[in-house]
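Single-structure report; data block below.
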Amino acid sequence: MATEIITEKKEIVARTRSSGITFNPPVTHDMVRSLFDPTIKKSFLECCITLTILANFVLCYYLINWFGLSQAKLIFLIQYVYWRLAYNLGIGIILHYQSHYESLTKYANQNKLFKKESAKTNWIASFFQFEIKSKMPNDYNLHSYPDELNCWLLFRQFVDLILMQDFTTYIIYVYLSLPTDVSSLINWKSLIGIAMILFNIWVKIDAHRVVKDYAWYWGDFFFLQDAELTFDGVFNISPHPMYSIGYLGYYGLSLICGDYRVLLVSVGGHFLQFLFLKYVESPHIERTYGSDSPSNSTQHQIDDLIAKENYDYSRPLINTGILFENFQFLRFSDYFTVSTILVLFSWFFTSKPSNNFLFVLTLLTKLTTWLLTSWILFQQSNRKWFTRLFLKNGYTQIYSYQQWQFLYNYSLIVTNTLLFLHTLSELYSIQSSDGLNNSHVIFGLLLCAIQIWCNVETRDAISDFGWFYGDFFLTNYITTRKLTSQGIYRYLNNPEAILGVAGIWGSVLMTNFSKTNVTLAVLWTVTNLIFVKLIEEPHVSKVYGNGTRVSGVQQTLLALKPFRWISDLIDDWGNKMMKSLHGFDSDSDSESISSGKKGNLSSLKLSKKSKLKNRVQSDNKLAPNSKFEIEDLEDEIVYLPNSVTISWKLPISMFNEKDWIGLYNVLETGSDRTQTKIPSLGHWSAVDATGYPHDSINTNSITEFKKGSKNVSGRVTFDANLLYFKPGIYEFRYHSKNSHKVLLISSPFQISFPEFDNEAQVDIKNEIMKFLDAISCMKNEKYFANDNKYFTADAFSNYIKDSFGIELSTDYIRRVNGDVEVISRRVHDIKEVLDSLN
């Protein structure tokens with residue numbers, strides 16, 4: 001019907017479209033009551049329509065007796081086609097001209113068909129006035145109403161004839177197509193068919209309850225009522241329910257018949273109805289009430305903004321189910337995607353793989369791609385992991401999003417292609433053995449069409465930004481934190497989780513419930529639901545808030561207690577799963593960030609540190625009457641590039657000029673406190689310069705050496721040439737002679753990079769230059785590692801991560817030749833991007 005309009009019980013006010021004349025429309029009745037309710041007044045044409053309907057059954061009886069069943073079916077099929085074309089083409093043309101030019105109204109006005117004096121001179125006017133008077137109550141004065149209303153009342157008679165004939169001839173054709181053996185009708189198909197028919201009846205009744213006669217008979221093509229478009233009842237669960245789910249009865253009857261010819265006729269009739277909707281009704285609705293197109297939605301605006309701000313951005317390649325959109329001739333990934341499909345098809349037709357092999361390949365591919373994409377989105381939602389990965393390697397935020405678009409689209413295309421090839425192989429096997437069930441194949445193709453339609457509607461509603469989960473990657477582009485309720489999302493919260501697998505189950509139907517296809521369909525459905533519940537919904541709550549969007553279908557179903565109970569049960573299960581997942585994720589987070597932030601080491605290292613501190617006294621007793629202390633160490637933390645000085649003292653009887661002090665990571669030394677079993681790797685210092693005359697680096701660290709009659713003492717300073725540039729818990733060990741025998745062990749202490757909160761790029765640059773200069777690793781304002789072999793590119797990367805909270809890969813540092821200006825600018829840009837994402 002033309003519009004979804006609901007009015008309150010107050011007096012209705014209407015106005016003509018062009019002249020603006022206001023009036024109160026009279027009470028009218030629906031088609032069934034007008035024709036068949038004996039208590040309601042009947043017009044001449046209504047009596048003729050009723051007799052015509054009854055004549056169809058008489059004609060059917062004689063056709064069967066005279067010409068046989070097959071000829072009777074053919075005649076009623078021809079009749080149905082005629083009346084269906086009269087409906088969609090005939091009424092469509094009339095309404096088209098009425099919508100654009102008000103042709104019927106102008107004709108009536110020009111010929112004065114409803115003027116009182118015309119009835120005496122014009123037999124057409126006389127008949128029309130007689131028809132309206134015989135139809136309406138006695139107090140109805142047609143001359144006091146505008147021509148628009150009277151035209152509409154006559155138009156209703158024309159509609160009643162066509163619609164009732166269309167319905168009657170179709171029902172008779174279906175009846176003639178039923179199997180002669182009644183017992184064959186007792187099966188699950190009949191049960192489903194009856195359920196679909198009952199649902200169809202409810203749709204029609206509820207639709208009329210909402211829209212009343214005015215919209216049922218396309219009243220707004222003639223005049224307008226002071227009422228607004230509404231979405232209530234059946235209009236809450238489906239777009240254009242009279243043309244979509246309002247035809248489920250067609251498919252229910254086809255299912256009961258089990259005749260694919262009936263199904264094809266039903267599909268054809270339904271298809272013509274959609275053409276009527278597309279070319280007649282929808283354009284009129286848009287002109288009259290405004291467009292409901294989501295083209296100006298936030299998601300569409302974001303797509304435009306991305307393209308506007310990034311000159312190298314182009315819309316991603318998308319498979320619509322049949323063709324490709326946005327193919328770019330200069331984008332290699334597009335060629336790679338299309339080539340993959342061509343290779344798969346070529347391999348299928350040349351190698352002819354077995355059904356089992358295709359099943360296993362499809363199953364593994366679906367599982368692998370689902371796990372990969374789900375893991376990426378989960379990590380991206382919690383840590384912005386995917387964006388960080390590309391940012392630290394020198395790429396932009398938009399580039400990382402483009403790579404995700406390719407990865408996601410490629411995984412969809414490959415899995416769907418493999419499923420298609422597997423289904424094709426199954427169909428070929430069935431055709432070779434038992435033969436295909438044509439009805440199953442057609443119903444399966446219809447489900448595939450529903451999935452394609454769902455995908456198109458989803459993309460139309462949320463644009464590329466929503467289709468590719470842009471709110472996981474580009475939250476800084478979101479201007480309005482509000483979920484869309486346009487298009488298909490008015491009716492379903494997650495259409496891809498329900499209708500998005502319709503085609504998958506269509507493959508099950510086409511293959512006559514093949515075990516492999518059932519398994520794949522279950523896999524597709526379960527993975528979709530898990531993804532929506534555990535990844536998508538938590539992220540949506542995080543980005544758009546906890547306010548839930550209630551879809552039309554959900555609103556309708558939640559009014560029923562059983563559905564409400566099931567919904568609560570699923571929500572509880574999902575919340576428990578999310579708590580366990582986030583608990584695991586938090587543990588992994590604590591481990592991943594324990595690499596050296598100020599006071600932010602892992603609990604394992606801190607506990608080790610406290611335990612080791614408690615046994616320092618017992619460690620020093622390894623050498624009695626000795627001293628081994630770190631000087632001026634605040635909070636037991638050394639911030640690089642500061643140096644560390646340790647003072648020592650030993651009895652002269654225990655001293656040897658070959659003694660030396662090594663620096664070790666506590667976690668690597670093990671539990672042996674008397675013998676060091678790992679090498680110092682150059683992080684050591686002599687205590688007496690005479691002991692190692694040729695090791696200048698390891699003797700220049702000696703700042704004091706005193707040798708008395710009873711004791712020997714000294715001070716050693718570990719600077720950037722000897723310290724580790726790996727944050728952690730460390731200790732000094734004093735070794736006897738040129739061995740690894742331990743005489744003294746210092747208190748454990750922490751080596752860490754400093755932390756900075758600099759926002760300006762120039763401040764970041766100054767801090768980096770100051771640090772590199774202090775450790776002799778800068779030349780011409782570039783990182784230069786030759787003067788300090790311990791501060792490698794990895795160490796530089798860790799310094800940037802720990803000091804500024806930004807990750808840069810060593811590959812990027814090398815790629816820009818360690819240029820401090822470029823690196824500082826990159827750090828600044830990444831900080832801005834990540835801050836905007838938060």
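A Cβ is built for glycine as well, from the same backbone N, Cα and C atoms used for every other residue.
Summed and averaged per residue, pLDDT over the topological domain 'Lumenal' (1-48) gives 78. Among the features that Swiss-Prot reports, topological domain 'Lumenal' is placed at 1-48 (among others).
Under the heading topological domain 'Cytoplasmic', Swiss-Prot lists 70-73 (among others). Beyond the ends of the topological domain 'Cytoplasmic' (70-73), by six or more residues, the same chain brings 60, 63-64, 173, 176-177 to within a C-beta distance below 8 angstroms of the stretch.
According to Swiss-Prot, the feature topological domain 'Lumenal' maps to 95-157 (among others).
Residues or ranges marked as topological domain 'Cytoplasmic' in Swiss-Prot: 179-184 (among others). Residues 257-258 of the same chain lie 6 or more positions beyond the ends of the topological domain 'Cytoplasmic' (179-184) yet place their CB under 8 Å from a CB of it.
What Swiss-Prot lists as topological domain 'Lumenal' is 206-236 (among others).
Secondary structure by DSSP for the topological domain 'Cytoplasmic' (258-261): 2 helix, 0 strand, 2 coil. The topological domain 'Cytoplasmic' annotation in Swiss-Prot covers 258-261 (among others) and rests on sequence analysis.
The topological domain 'Lumenal' annotation in Swiss-Prot covers 283-328 (among others) and is backed by sequence analysis.
Residues or ranges marked as topological domain 'Cytoplasmic' in Swiss-Prot: 350-356 (among others).
Residues 306, 310, 313, 316, 468, 470, 472-474, 535, 538-539, 542, 581-582, 585, 589, 806-809, 811-812, 815-816, 826, 830, 833-834, 837 of the same chain lie 6+ residues outside the topological domain 'Lumenal' (378-403) yet bring a C-beta within less than 8 angstroms of a C-beta in it. As annotated by Swiss-Prot, topological domain 'Lumenal' applies to 378-403 (among others), with the evidence given as sequence analysis.
For 425-435 (among others), the entry in Swiss-Prot reads topological domain 'Cytoplasmic', with the evidence type sequence analysis.
Summarising the annotation, Swiss-Prot assigns topological domain 'Lumenal' to 457-517 (among others) and lists sequence analysis as the type of evidence.
Annotation source Swiss-Prot lists topological domain 'Cytoplasmic' at 539-838 (among others), citing sequence analysis.
Taken from Swiss-Prot, the feature transmembrane segment covers 49-69 (among others), and the record attributes it to sequence analysis.
Taken from Swiss-Prot, the feature transmembrane segment covers 74-94 (among others), and the record attributes it to sequence analysis.
Marked as transmembrane segment by Swiss-Prot on the basis of sequence analysis: 158-178 (among others).
According to Swiss-Prot, the feature transmembrane segment maps to 185-205 (among others).
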Per DSSP, what is the residue tally for the topological domain 'Cytoplasmic' (70-73) in helix, strand and coil? 4 helix, 0 strand, 0 coil
Short question: which residues 6 or more past the ends of the transmembrane segment (237-257) have a Cβ under 8 Å from it? 1, 170, 174, 177-179, 185, 189-190, 192-197, 199-201, 203-204, 207, 263, 266, 269-270, 273-274, 276-277, 439, 443, 446, 457, 487-488, 490-491, 552-553, 556
Long-range environment of the topological domain 'Cytoplasmic' (258-261) - Cβ separation under 8 angstroms, sequence gap at least 6: 177, 179, 184, 189, 438-439, 442
For the transmembrane segment (329-349), the candidate among 185-205, 262-282, 404-424 having the most Cβ pairs under 8 Å is 404-424
Could you put numbers on the helix, strand and coil content of the topological domain 'Lumenal' (95-157), residue by residue per DSSP? 46 helix, 0 strand, 17 coil
Top stretch by Cβ pairs under 8 Å to the transmembrane segment (158-178) (candidates 49-69, 262-282, 357-377, 404-424, 518-538) is 49-69
Does the chain bring the transmembrane segment (518-538) near the transmembrane segment (357-377), so that three or more CB pairs sit under 8 Å (pairs 6 or more apart in sequence)? yes
Residues sitting near the transmembrane segment (49-69): Cβ under 8 Å, six or more positions beyond its termini, same chain? 35-36, 42, 75-76, 79, 157, 160-161, 164-165, 168-169, 172, 176
Is it possible to list how many residues within the topological domain 'Cytoplasmic' (425-435) are helical, extended or coil according to DSSP? 9 helix, 0 strand, 2 coil
